[in-house]
């Protein structure tokens, strides 16, 4: 095919504006005499087309702009720009390009901070405003990554909504010139046991898997979070990572007048019409199910071919510019590529291959049919482009050509004809850059003060070993902390053969250069509860967690992406949350010294008046010079009685507000989220990178939801290696052992260190200013997690309880049944698999426990010590002694007490301090923290050899 | 002389690069073959890799079976050329009637990816001769339609002739009859396997190195084969 012929221009000279670059803003009005000659409007209408010419002559005609989501003033503005009423096609284009989803009209004024506060980076090859940020990771290689939402479609039609969410972000990455190499999927659903969750979740998971698996992209991580706030608005965020040679970076500019515009990929159908304007930019109501036709339908097979075809085109240098077609379809691609280059474009719409021949121009322009890319190629390379497309069996059609800017230098115009009728004649920049921008009213939600005052630190806590044991089993079975294998084994994590780490590890790690071992680590994290309590801190906490998750693998964090999921921007409370979140992320990135490279905003995540928790999801990317140095999360099996030392890095405060425990046990959300110290996070990251590089670490696992207890269980179960842990002396009394295990203080990591590395490692911690404390040892021969003086639980029981929840909720397989059986028979205690709904049961009756005949004697700690014949031989010693010695034989127990005078109260600790003073429960404020050096100083002072990093004694009340 | 092992790329093949890497790590030269090219370019053996050839439209492997390269390959396989079909490749071999039976939707209806223990039942094939009979190996399985089915007579015949090459141990991931994970043809040169040996060839990226044995086996087989 060819585009050099111009039948439209030849045949329809009378209907084409004589001066396409004429002034764009004469007074709005019905008449433009110069354009009103030619065929009568009635004739055009008889053809079923609303032409520019007809529009100019029928200015009073009523148009359904409100139904398309445009406000009165926005519509007036379109008329002003065009100097007439828009045609039906133009109206459709403006309505989608000026929708919240495409124009960022409510968020723009805030998002500027990402640029203004960006730390300098010489790695950034493409940043915000491009399809995805591109970061240089070596002299020759760059990576690109971005996370995007597809929330609304995934609620309406879970499988296709999720599938096309993956497809869309993959094309963004492809458009940068990169080969997509991995995906991740942060997912959020309503209550795990809600019937509609059982409808949405399996469909979403199957959609993410169905598309990603068929594309051949390993799924290396994500999130699975349940909270009632997402009941009517589940969140499907999808991240894609791509790799490219630095010199293969592609642009989206439709540069070079005379160049050909080629549509590559699938045929255009009626799917997804109005997706962005009708779906993504309005809140849900009772008619939502009727919107199913607005959800796109994906075909991953076509996308796979599209990927291979595009990569071949890039390598042969056949492409001048490229843009993916996603939300807003052809409209967005045509206007963005032209606006980006300042050129104009001439498009023959009837050349677009259609799935349904009856489609009208505005439908073709608005269609969100998947698996399409727009290419700009030079005329002499068109044949080669078409040939490559044919090799891969992908449709390629020349649909237009680039036209020159106006002689006076002003940008060109986008002129679209359909069977010789001019249906669109607009300045492309007016759709892309001149959309409305709103500084929407903001107001702190009225309930926030009360919410923040209702602190979880005052809630009743488990304060004896039996209750603690029961709490642990209930927590690891709760939906947010339970094993996610039911979901993740529906995803291919092996394809492409470069997956070094994947879920449930803290980060996904992908090798990008087989020769050098160069690789990247990626993590995505968010915590809607924290953000609800304090959107500024909550967003920093999300950033800190993702950053830490990358760091614990040994990678150096270098770049940030984000997906900001919020309610309606028309609600001042939501807008305030959004502004605070953006400010938190921008400030946080500045403090950490890593730039935001791109992201996505999803508003209107609310049903009726109820918005979701503000849910900023933050993705952090790090670099590993050699992926062989990566540190996994699981304790390592050892033979011959050998074991590793366990260290807890960072400070533990009494921080329970917003915690998973408060939610699971008390259905409580209130108080202030944990303190976040990004300077400390940075020190920690530098420490982890160095320790990984020199081989000090056999495992490292971030502490976050569910605190230390959750991390211990996960590290034990990962490779089936037990551990013995001692509760430090200052956490010995009352409910403090619980605080030690379940506080969600940020900036903490659980590491295991092989024999012989302890001194060097702790010296390094001290040097880097990171507090450390030895808390126990791995116990490869025990097959149990033993928290000394508290409980001892076999790994089989932990595993059975931990893995049974999702299969029980979402149906399962034969294997799941086996696991449930194991849970039922493997323990006579309180496996939630037998109990129905663990979430709703705050404190159970103390069950009989075969392992612990003294179970009822909760008031006497001594009698609650394990007597089950495990490796701990201490028995019922005094608490002070037992707590100190998880491994007497190794001579590495934490010192029983810290020296006096070493209990300065750090700022961070004082926050917790003040908070819990009001608590009135049986607690406790460990004024941990102190200065970074304190741990080391104490260790030296107390003379406990290699184990010593003891910290100050808590201030008992 | 280095053996040359072809790896076919169909539209929708996904593990072709991994199969080529496994061939290289095993010490042979991987040769990329294209579905539309009937020429086998003189390779000594062929791997049909995993993926979703032709989007799994119609039936898994049903369209790939008619690709030009398959016309040549079927004849060559009947003539003794070693052919390993992995996952989608196994499905293609069944559709091409080089192997009996069929692969159907997993009984639990989910795609499943896990590290799977297999027991090598037959070490007599071109692709398993470096294993011991009864040896247990750990290899990733990942499929949505990996449930092996055949009529009873065929299953009995496969068992009687020692043509069940590997079985799932410690849980059947897809409901395959008689826990069958891999089978071979009567001559032992064509093997279809549902799990992915090419994903278990490097300590860094796989759960074991057990997959390498399939690729070193064919090299051993080729050395013993008269030219």
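Positions of Cβ are set from backbone N, Cα and C atoms, glycine also.
Note: TrEMBL annotation is automatic and uncurated.
Marked as region 'Disordered' by TrEMBL: A:1-40, A:828-957. Residues or ranges marked as compositional bias 'Low complexity' by TrEMBL: A:17-32, A:855-920, A:934-943. Residues annotated as active site in TrEMBL: A:101. Per TrEMBL, ATP binding site is recorded for A:104, A:146, A:562, A:599. The annotation domain 'PurM-like N-terminal' is assigned in TrEMBL to A:129-243, A:505-623. For A:148, A:600, the entry in TrEMBL reads Mg(2+) 1 binding site. Per TrEMBL, substrate binding site is recorded for A:149, A:150, A:151, A:152, A:171, A:296, A:368, A:369, A:370, A:602. Among the features that TrEMBL reports, active site, proton acceptor is placed at A:150. Residues or ranges marked as Mg(2+) 2 binding site in TrEMBL: A:172, A:324. According to TrEMBL, the feature domain 'PurM-like C-terminal' maps to A:256-404, A:644-780.
Sequence features annotated in TrEMBL and their locations in the structure.
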residue: A:101; record: active site; DSSP class: helix
residue: A:146; record: ATP binding site; DSSP class: strand
residue: A:172; record: Mg(2+) 2 binding site; DSSP class: helix
residue: A:368; record: substrate binding site; DSSP class: coil
residue: A:562; record: ATP binding site; DSSP class: strand
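Count of Cβ pairs under 8 Å against the domain 'PurM-like N-terminal' (A:505-623): among A:129-243, A:256-404, A:644-780, the largest is for A:129-243. Ranked by Cα separation from residue A:151 (substrate binding site), the binding-site residues A:172, A:599, A:600 are led by A:600. Around the Cβ of residue A:150 (active site, proton acceptor), a 10 Å sphere holds 32 further Cβ atoms from the protein chains shown. Only A:600, from the binding-site residues A:171, A:172, A:368, A:370, A:600, place their Cα within 10 Å of the Cα belonging to residue A:101 (active site). All protein chains included, residue A:562 (ATP binding site) registers 31 other Cβ atoms within 10 Å of its own Cβ.
Among the binding-site residues listed here, namely A:146, A:324, A:562, A:599, A:324 has its C-alpha nearest to that of residue A:171 (substrate binding site). For residue A:150 (active site, proton acceptor), the spatially nearest entry among the binding-site residues A:324, A:368, A:562, A:599, A:600 is A:600, judged by CA separation. For the domain 'PurM-like N-terminal' (A:505-623), the model's pLDDT averages out at 97. Taking the binding-site residues A:151, A:600 in turn and counting surrounding C-beta atoms within 10 angstroms, the largest count is reached at A:151. Packing around residue A:101 (active site) is summarised by its Cβ count: 25 other Cβ atoms lie within 10 angstroms of its Cβ, all protein chains included.
Spanning the residues A:104, A:146, A:562, A:599 that the record associates with binding ATP, the maximal Cα-Cα distance equals 17 Å. For residue A:149 (substrate binding site), the Cβ neighbour count at a 10 Å cut-off comes to 28, with all displayed protein chains included.
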